[in-house]
Amino acid sequence: MAELKNDRFLRALLRQPVDRTPIWIMRQAGRYLPEYREVRAKAGDFLTLCTTPELACEVTLQPLRRFDLDAAIIFSDILTIPHAMGLGLYFSKGEGPRFERPVRTKNQVSALGVPDPESDLSYVMEALRLTRRELDGRVPLIGFSGSPWTLACYMVEGGSSKDFALIKGLMFEHPQVMHHLLEILAQAVTVYLNAQIAAGAQAVMLFDTWGGALSHRDYRDFSLSYMARIVEGVVRENEGRQVPVILFTKGGGLWLETMAGTGCDALGVDWTVDLAKARMQVGKQVALQGNMDPCVLYASSERVRQEASEIIKAYGAGSGHVFNLGHGIHPTVMPEKVAALVDAVHELSVPYHTYEE
């Protein structure tokens, strides 16, 4: 593999000195880019786009042609694992992802197997290999998965949910069935992330989108404990470099210290978190990634720049911060606002860094 020309992102995740704060954006390959919409139309549907390695590679690279981003994230979907388990993923207009065969009983859980990434998810592995070749060392490539709890939410509910009645009903009434499902998923995610690393991912991220829907006790027992198992099982060195692991629980600001105790390298934080306080909470245990409200990108470029400045200042001097949004970029944002953000972060963060940290 080509030598990495820009390792700012990886260094920041490991709290090593950098010349400026690195930035990438959740869902940076997405509908806000006209070139993405063009490829998406050519693919015909979202699932075809995800499962065609050449197209997934192309849309992964698109934002890097426009913006001076410090990392690429492979274009895929968090629901690839349940799809590979045979649940029949489809996308319904206006409703988002749905499953033809939800999992709601003990027997249905027991029937689930752990997918083989090189056969059942070969399209993801091929997209990673292809993208690494195309990147040619320009920036690191991020692999990812949904967390066991978040995957279980979709699998039990059969799609998105506002109240999580089905999965919480299962969790409270049949906790042993819920734990069995989460154990299978933790194993599947670990195998999947390790395969992504072998295929070329240089950092990996766990998206726990729905962890924030749980109480403190239930978050610990049904979400965090399984993410901790994955952190423990993920390969942490490849190609002579450390492979950082990022955990992101949306709405997880109350649990940062506990999350830092999993042994991960970085925590994603959303915009409800005070970055200065978060840094004090986690100390030197982990790096932090975030945390601009995605809606700031609807404001003027000057306001975007001001917000970037405030977030950089809130984190303060030294390495250990990767700038990102607090969640995915919205489809209706204008690309020039992203350009303004990336330029602002790179320019305004320089005074906060020295190589003698």
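Every residue gets a Cβ built from N, Cα and C, even glycine.
Database features, via Swiss-Prot:
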- R27, Q28, A29, G30, R31, D77, Y154, T209, H327: substrate binding site (BINDING)
- D77: site 'Transition state stabilizer' (SITE)
Cβ neighbour count (within 10 Å, all chains shown) around R31 (substrate binding site) | 14
In sequence order, which residues at least six apart in the same chain have a CB under 8 Å from the CB of Y154 (substrate binding site)?
-> L79, P82, P97, F99, G146, S160
Hey, what's the Cβ neighbour count for D77 (site 'Transition state stabilizer') at 10 Å?
-> 18
Look up R27 (substrate binding site) in the DSSP assignment and reduce it to helix, strand or coil.
-> coil
Per DSSP, three-state class assigned to Y154 (substrate binding site) = helix
Protein Cβ atoms within 10 Å of A29 (substrate binding site), excluding its own = 24
Least Cβ-crowded entry, counting other Cβ within 10 Å, from the binding-site residues listed as R27, H327 | R27
What is the separation, in Å, between the Cα atoms of D77 (site 'Transition state stabilizer') and R27 (substrate binding site)?
-> 10
Largest pairwise Cα distance, Å, within the listed substrate binders R27, Q28, A29, G30, R31, D77, Y154, T209, H327?
-> 23
